[in-house]
Structure formats: structure tokens, C-alpha cells
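Enquirer: Below is one structure. I have some questions about it.
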Amino acid sequence: MLVTLCMTNCPTLIVTVGLPARGKTYISKKLTRYLNWIGVPTKEFNVGQYRRECVKIYKSFEFFRPDNEEGLKIRRQCALTALNDVRQYLSVEAGQVAVFDATNTTRQRRGTITRFAEQNGFKVFFVESVCEDPDVIAENIVQVKLGSPDYIDCNTEEVVEDFMKRIKCYENSYQPLDEVLDRDLSYIKIMDVGRRYLVNQVQDHIQSRIVYYLMNIHITPRSIYLCRHGESDHNVKGRIGGDSGLSGRGKEFAKCLEKFIQGQNIKDLKVWTSQMKRTIQTAEAVAVPYEQWKALNEIDAGVCEEMMYEEIQGHFPQERGESITDLVQRLEPVIMELERQENVLVICHQAVMRCLLAYFLDKSAEELPYLKCPLHTVLKLTPVAYGCKVESVFLNVEAVNTHRDRPENVDTSRMPEEALFTVPAHQ
């Protein structure tokens with residue numbers, strides 16, 4: 001059998017392991033979102049979704065019984081179809097990481113996946129989630145499975161009963177990753193939702209980042225509040241960057257922000273700002289201790305700092321200064337710390353807020369520069385099962401519009417008028 005040599009920089013196949021309702025899909029989706037955000041092309045392959053496309057109507061846990069030969073055949077075929085799609089993505093479509101989201105509870109199944117990876121020159125990294133806490137398992141079933149296509153028109157009691165029986169179908173054949181038997185495999189074992197971790201044979205930089213990320217996330221209910229500083233003097237004049245203070249309306253917004261935060265009754269709120277005057281002035285009005293982060297400073301416009309768009313187009317039409325990619329790299333420690341924290345208010349800047357939003361809302365690099373982050377508006381982000389609930393609250397203080405839509409013509413040889421067509425109005 002032909003085996004492709006696995007190079008140092010070859011693609012990575014992440015394989016989840018664990019019984020149902022252990023958070024594997026939650027982990028898969030978060031990992032995929034994070035890796036794409038840092039610029040690593042990643043795609044999730046959920047075998048359950050392949051099964052649902054193959055078997056349109058789910059009847060009961062009986063499908064997953066180990067003695068259901070027809071069910072076993074269908075599930076095996078779905079896994080192979082998903083692996084073929086993994087091969088297409090990593091070998092043909094230039095993907096860098098594929099996340100194979102399934103139970104993969106037997107050593108035999110994991111061996112099949114490992115051989116598949118060896119034949120195609122992929123590295124394999126297993127992510128096992130182990131949890132024996134009945135309360136966590138029950139909460140996961142209610143929060144996630146109630147909305148599953150498998151359980152349309154079912155009440156909570158029916159869902160919990162059927163899903164617990166589904167779990168039982170896997171328990172007898174479950175073979176967890178073993179420190180001795182699997183000592184040559186690369187993996188992280190996450191125990192009881194992050195109380196303990198076991199990491200084995202990390203192979204490269206990507207796997208190190210995956211481990212670091214997984215050791216920072218948690219499932220404690222919380223909310224993250226994002227807003228920009230109050231309107232600044234430079235905002236009013238249409239100048240970008242700089243370190244100007246708040247305008248009169250900006251100061252009014254800061255006072256309204258204090259009332260809004262007080263009305264939220266947030267437990268143990270932390271407030272983070274950049275090191276720039278306008279975010280600090282906004283935070284001081286909130287009357288809560290705050291921390292300054294250099295990483296939260298606005299994107300550096302280089303020689304174009306404090307210029308208007310019209311001046312930039314006239315003198316420096318080519319790309320300069322800090323790029324969005326640079327900014328994402330600068331903000332990665334902030335994201336890691338946000339994942340570790342509970343309730344946080346981040347008072348930042350337009351480009352910074354766009355980068356943070358792109359992470360939490362799973363937006364692409366193409367969408368990121370044009371996400372709308374208006375002044376004097378607070379976005380409340382509350383993590384839910386597989387994503388983020390967003391509430392937008394305008395605090396009723398008018399401000400200039402600083403949003404610039406994507407120009408139709410982005411070619412550098414375009415006429416200046418075309419480049420300036422989407423510049424917002426200013427003094």
C-alpha cells in the first residue's frame with residue numbers, strides 16, 4: 001500500500017474522541033473558528049450531519065445499537081464519505097486543518113483514521129473529551145440536542161430519555177485513549193470540562209496552538225460587552241488614528257455607558273481599554289476599575305495617522321501601516337484571555353472591535369474590514385451552544401458615522417474619486 005511521506009508542514013487532521021454529549025461538536029466548532037481567525041484554513045466535517053443526510057428521518061436510539069447491522073453499515077459508510085471529503089479539502093482545496101467530528105470511540109476506528117492519514121501524508125491529532133458529571137451531561141443534552149434535527153417536535157423528557165439510551169449504545173464498546181497503548185499517538189485528553197488535561201506527543205506549532213487554545217476555553221455562562229470609545233474630536237473631523245480626546249457627545253456617551261452597565265447588574269465585571277486617551281476617558285466615566293491593554297490600541301495607520309481619507313488618497317494611495325492580519329496577531333492574546341474570563345467590558349476602537357467580532361461571530365477575512373461597529377452602541381455577546389447570541393444596544397447619543405463600505409472598485413489603479421466614494425461625511 002502506498003504511503004505518502006508526512007512532511008513537517010503537511011496538513012493536520014484533528015479527530016474528536018468521546019461518548020455523545022461530551023462537547024465534541026462544541027470543541028470542533030470553536031477550534032475551527034479560532035484557526036480560521038488566525039489565518040489557518042480549517043473546515044469541520046461532522047459525521048452526524050453526513051448520517052442525517054443519508055437517513056432523512058431519525059426514529060430512535062435503536063439506530064445506534066451495536067447489534068443493528070444496517071445502522072452500523074450506514075454509519076461506517078458515512079464516516080468513509082466524510083474522510084473522502086477530508087482528503088479533497090486537504091489535498092486539493094489547499095486546506096491546512098480538517099476537524100473530523102465524530103465519536104471515534106473504538107481503537108479500531110481510530111486505527112482506520114490513522115492509516116488513512118498516513119496514506120495521504122496528513123498528521124493526526126486526537127482531541128478526547130471525558131466527562132462523568134451527570135449534571136454537565138444532562139445540561140449538554142438539553143442545551144444542544146433539543147434543537148437537533150433528530151428531535152423535531154419532541155419534548156424535553158423524550159429527548160433526554162432517547163439520548164441517554166443512545167449514549168448507552170456506545171458505552172460498552174468505548175475504549176478511551178490510553179497512556180500506554182496509545183503512547184505513540186498525538187493527543188490531548190480533556191477531563192471534566194477542563195478540570196484536568198493530559199497532553200501527549202505534540203508534533204508541531206499548530207498542535208501546540210490547539211493545545212494552548214483548548215486549555216483556555218470554558219463553558220461558564222457569561223457575557224462579553226464590546227463598544228468603541230465615545231465620539232472623539234478626530235472622529236468629528238474625519239481624521240483617522242491619533243490620540244485625541246472625547247468630543248462633547250463622546251463625554252455624554254461615557255455617562256450613559258455608566259448607567260447602562262449599572263443597569264445590567266453584572267457580577268464581577270472587568271473593564272479593559274486600550275492605552276489611548278479616548279478609551280481611557282470613556283472608561284473613567286464608568287466608575288469601575290479598568291485595565292489598559294496595549295494590544296487593544298487602534299490599528300496603526302503609519303505615516304497616515306491623523307490624516308483624512310482624502311489626504312491619504314492624495315499622498316499615499318498604496319497600502320502602508322499595520323494590516324488587518326497584523327492586528328489579528330496582536331489581538332490573539334486578548335482573545336485567549338477573553339476565553340478564560342467571565343464578564344468583561346472591552347472599550348476599544350473600530351478596527352479592533354471588528355477583529356474581535358469576527359472571532360466571536362465566525363466572520364471571514366473578507367467580511368472583517370466591513371463589519372459595522374457604530375459609535376455609541378454596545379454589543380452584548382453571550383456564548384450559546386454552538387455560537388454567540390448578539391444584542392445591539394444604542395445608548396441614544398448621536399455620533400458621526402465612521403463606517404466605510406467596501407468600494408466597488410478596489411484596484412490600486414482606480415481613479416481617486418472611485419476610492420473616496422464610500423468615505424463617510426465629516427467636517
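Each position is counted from 1, following the chain as shown.
Heads up, the Cβ atoms here are built off N, Cα and C, so glycines get one too.
Where the annotation comes from TrEMBL, it is an automatic prediction and has not been curated.
Below are the features I grabbed from TrEMBL:
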| type | residues | note |
| --- | --- | --- |
| DOMAIN | 7-221 | domain '6-phosphofructo-2-kinase' |
| BINDING | Arg228, His229, Gly230, Glu231, Ser232, Asp233, His234, Asn235, Arg278 | substrate binding site |
Enquirer: Out of these binding-site residues, His234, Arg278, which one has the fewest other C-beta atoms within 10 Å of its own C-beta?
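Expert: Each of the binding-site residues His234, Arg278 was scored; lowest Cβ tally within 10 Å is His234.
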Enquirer: Using the Cβ center of Arg228, His229, Gly230, Glu231, Ser232, Asp233, His234, Asn235, Arg278 as the substrate site position, which other residues in that chain lie within 8 Å, going by their Cβ?
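Expert: In sequence order, the nearby non-listed residues are Ser244, Gly245, Leu246, Ser247, Gly250, Leu375.
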Enquirer: Just to be sure I understand the packing, how many Cβ atoms besides its own are within 10 Å of the Cβ of Gly230 (substrate binding site)?
Expert: 30
Enquirer: Could you list the residues of the same chain, at least six apart in sequence, whose Cβ is under 8 A from the Cβ of Arg228 (substrate binding site)?
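Expert: Non-local contacts for Arg228 (substrate binding site): Ile347, Cys348, His349, Gln350, Met353, Cys373, Pro374, Leu375, His376, Thr377.
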Enquirer: Compute the average pLDDT of the predicted model within the domain '6-phosphofructo-2-kinase' (7-221).
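Expert: Computed over the domain '6-phosphofructo-2-kinase' (7-221), the mean pLDDT is 94 on the 0 to 100 scale.
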Enquirer: Using DSSP reduced to three states, classify Ser232 (substrate binding site) as helix, strand or coil.
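Expert: Note: Ser232 (substrate binding site) is in a strand by DSSP.
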